[in-house]
């Protein structure tokens, strides 16, 4: 999932934009975090980031549409923990932060702290996390959570 400028190059079906903000695009490919980051860079963007419920809702809708028909999918977003950072159990993003220049670094709302599986406790290696989508949740929207 890429966060793009306001004039996105991909086809309209693969893009959703905020009224006054970034556009997000979905790209289906079996790739590593580094490959996904590079692919977003070639589209003049960064891996997607989420700083609040508005971006999360927009991104979940786009990714659910892109993954239609799949039981579960993992999408790379710009969620990364550097080797010098530790896992922090009481923070919503568990010590991970947004990679790239798109997301303002500010306090993350607690509702964004949904993890499919808690990340490995470590302070020794860089780790990446993606946005995991499952089949529809009981409320009708896609089930989701971060996954290392």
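Here the Cβ of each residue, glycine as well, is placed from N, Cα and C on the backbone.
These come from TrEMBL:
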DOMAIN    19-148  domain 'C-type lectin'
Residues in the domain 'C-type lectin' (19-148) grouped by DSSP into helix, strand and remaining coil:
27 helix, 33 strand, 70 coil
Given the model, what does the mean pLDDT over the domain 'C-type lectin' (19-148) come out as?
84
